[in-house]
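A.B. asks: Quick one: structure below, then a few questions.
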Amino acid sequence: MMKNYNRLLFSTLGAAFEYYDLAIYSVFAVTIGSKFFDKSSSISNTLLVFLVYIVGYLVRPLGAWGFGYIADKKGRAFILRLNMILLFFSTLILALLPTIESIGVLATILFVGLRCVQSLAVGAEIPVSVVYIVENYPKRQGLVTSMVFCCLSIGIMMTSLVLFILNHFTSQTFIQDYGWRIGFFIGACFTFILFFLRKNIIDIPQVTNSLDKPQSENYIFIIKVIIGIALVACIAMLTTQLYMFLPAYHQMYIQSSYDVSDLLLTGSIIMAISCLIGGFISDYVSKSKMMALLILISIAVAPIFYKNMIAGTDVFACFIILSIVMGFFAPTYNVIITNFFRLEYRCRGYGIAYNLGYLVFSAGVPALTISLITATSSLLVPVYLIVFAAAVSFVGIAAASWFMKKA
């Protein structure tokens, strides 16, 4: 029994690295820009750093396909270990990488290349982790899947702890010179430890027996990937609008002294807790119907939230409701997509759908929102985009249900 719990823990913890790396990268974006790009403009440097981040999003689907293919041929446990090796070496080299002052433009090239290697590995980490635990815990698929996404919050907590220690026990000069290196080095240590913790995880016999079967990737596979992207649409849009873009939206368009950071902190804690509760509930109800209900609640509450924010009235209750909804989402669409694909190409199918879903409905959404607000002068653009994504996910649920019945 203890081995089973260890298998669950070690296979889910890798998700924490994704948000830890993202948070460290964002916090030190200005400093990283000055170290690896031309120092003539701090603003353009920072934009270049985030451009590299977007490039990483473009690379992730390639990682999901490539590593997903290997996971479907060699096993999920093999990739979960390989990912940690790649992340360890790429992150460690980043921590030790000479700056543009030392080796010139080569530093920039190496920096971008290493970030792409990280993105290739990260593109497969969450999909393969989800597939692995769903296959290993068939009776509690919702609950164990929710644990993967709860681990994302561990990454945020790790970043907060690193920043707390740096701010309280070092100087600003030290942080500027070495803070980002320490952040990456701790990330490398985390992946190194996790590699050894994952050494003894194994695939279930059903997966092992399916590795030698012929893998047909016809038009049905492509259609299923498109349906998977549709299932991801709503949660990807909600995550972007309510967590990634909300601080900028509030700062740019809302004239109030309301502290958005407190709202986000409270909401993230509530979301992590509700993720586990939603996972428990989802194992006893229809996941498709549960997801449809969550989408309807999102469509109903999101307009109220944004109208209250624009009017300067209280938004706390609406935001908490939306955070609970987002927490409940995790065990629904992820399990649906995982079971949607056959064992022979499950990692590829889920990985491509998951990463393309976030690429289409998350990566460029902040820029799209700003452009549409400028063009229409309407501050309710985020609501329209959320409703659009919700409609796409509704179509995805209907299509997935039809395919499941035909199977």
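Keep in mind that glycine also has a Cβ here, set from the backbone N, Cα and C atoms.
Among the features that TrEMBL reports, domain 'Major facilitator superfamily (MFS) profile' is placed at 7-407. According to TrEMBL, the transmembrane segment annotation covers 45-71, 78-97, 103-134, 146-166, 178-197, 218-243, 263-285, 292-310, 316-341, 353-375, 381-404.
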A.B. asks: Are there 3 or more C-beta pairs under 8 Å linking the transmembrane segment (316-341) with the transmembrane segment (146-166), counting only pairs at least 6 apart in sequence?
C.D. replies: yes
A.B. asks: Which listed stretch (45-71, 103-134, 218-243, 263-285, 292-310) has the most C-beta pairs under 8 A with the transmembrane segment (353-375)?
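C.D. replies: The stretch I would name here is 218-243.
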A.B. asks: Out of 78-97, 263-285, 292-310, 381-404, which stretch has the largest tally of CB pairs under 8 angstroms to the transmembrane segment (316-341)?
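C.D. replies: Most contacts with the transmembrane segment (316-341): 263-285.
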A.B. asks: Are the transmembrane segment (381-404) and the transmembrane segment (218-243) close, by which I mean at least 3 Cβ pairs under 8 Å that are 6+ residues apart in sequence?
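C.D. replies: Contact criterion met.
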A.B. asks: Mind checking which residues reach the transmembrane segment (103-134)? Cβ under 8 Å, same chain, six or more beyond either end.
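C.D. replies: Those are 8, 11-12, 14-15, 17-18, 21, 32, 35-37, 52-53, 55-57, 59-64, 66-68, 71, 76-77, 79-80, 83, 86-87, 90-91, 93-94, 97, 141, 144-145, 147-148, 201, 203, 334-335, 338-339, 346-347, 350-351, 354-355, in sequence order.
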A.B. asks: Six or more residues out from either end of the transmembrane segment (218-243), which same-chain residues have a Cβ under 8 Å from its Cβ atoms?
C.D. replies: 249, 264, 267-268, 291, 295, 298, 302, 319, 322-323, 325-326, 329-330, 333, 336-337, 340-341, 345, 349-350, 352-354, 356-358, 360-362, 365-366, 369, 382, 385-386, 388-390, 392-393, 395-397, 399-400, 403
